[in-house]
Amino acid sequence: DKRDAVNLKDYTIENTESGAVWKMPGSVNGQQFIIQNCKNTSIYIFDHVNTVTIDDCINCKIIISAVKGSVFLRDCKECVCVVACGQFRTRDCRKMDIFLCCATQPIIESSSNIHFGCYQLFYNELEDHFQQSGLSVFNNNWSSIHDFTPIEGETNWCLFPDTISITDYVSLPATQEIQRLNASVLEEKSIVPHTWGPHKTSKGESCLVTFFSDGQQIQRARAFINTLKVENPDCLLLLSKETQMQQMDAERVFRTNSYNRVVQRGAVIGLQYSGINCIQSCQKVAVSIATATGSTGLVYVSTNPKISQQQVDSFFNYANMQLSA
């Protein structure tokens, strides 16, 4: 066996009380990680990880950048977690505040008073760590919670109200080591777009915006999101997905075969917007982005408000089936 020996202590944080502990890029490098028996501690893992288990922690703040597999919290209480992962689960936890990016449906079990919000984080290497973990910044099911053990007449979890910001709950150490990462939890710097979730009700119309693959689709999608926030802040981003599409599914969504060839180039990024004059605002921004980047024909925006919601439903139902396959 020529594999390097693994020292489990390098991938464990345990029995700490008060203060701050952090792991810098390259220190975990895709290994499994354990956090246990910590109290009043701030824990920061600025690296990609395979899986994480968090046990018996009290009043801790835990930031974990990008986890390929599962994050499993057990017997924890009064903690704040900022986590991006493939799967997320709690068991026997209470009074937890979770800011989440999760590729699949988050699950809680035998847990109560759990609050969920959208993940926000940036540092220089984070996008690379997402890629190494096989995570897409656009596949985020943070608000689609499944409770394995519901109690009739009670609610074990809820979503944060719109007035809540992640900066109300977490901050980053002001050390030179952390500052060199350019780390931030501000929404405008986060590599994961802030989504409001499908539960958000907004006056106006729905709109589907899709970006087709040419190697620059992620940059165009981000430019679109940032520009639309300025052009029409009342047009809200509810959902985002990145998925492969087949020709027959493209025809069902776009009501034409004009995009059959382009969907074969690679994954398609889809955004659901909602708001007053949403379609018009999205079309205006899409034209400006396409003109500035020379990407005409690589963006689709709904044109008919009578069928736009059907297009949204068709795209996201298809994307969810692909992710669960």
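Keep in mind that glycine also has a Cβ here, set from the backbone N, Cα and C atoms.
The annotation GTP binding site is assigned in TrEMBL to GLY69, SER70. Other Cβ atoms within 10 Å of the Cβ of GLY69 (GTP binding site) number 15 in total over all chains.
Taken as a whole, the domain 'C-CAP/cofactor C-like' (1-150) shows an average pLDDT of 95 in this prediction. The feature domain 'C-CAP/cofactor C-like' is assigned by TrEMBL to 1-150.
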Residues satisfying Cβ distance under 8 Å from SER70 (GTP binding site), sequence separation of at least 6: THR51, VAL52, CYS85, GLY86, GLN87, PHE88, ARG89
Helix, strand and coil counts within the domain 'C-CAP/cofactor C-like' (1-150) (DSSP): 11 helix, 75 strand, 64 coil
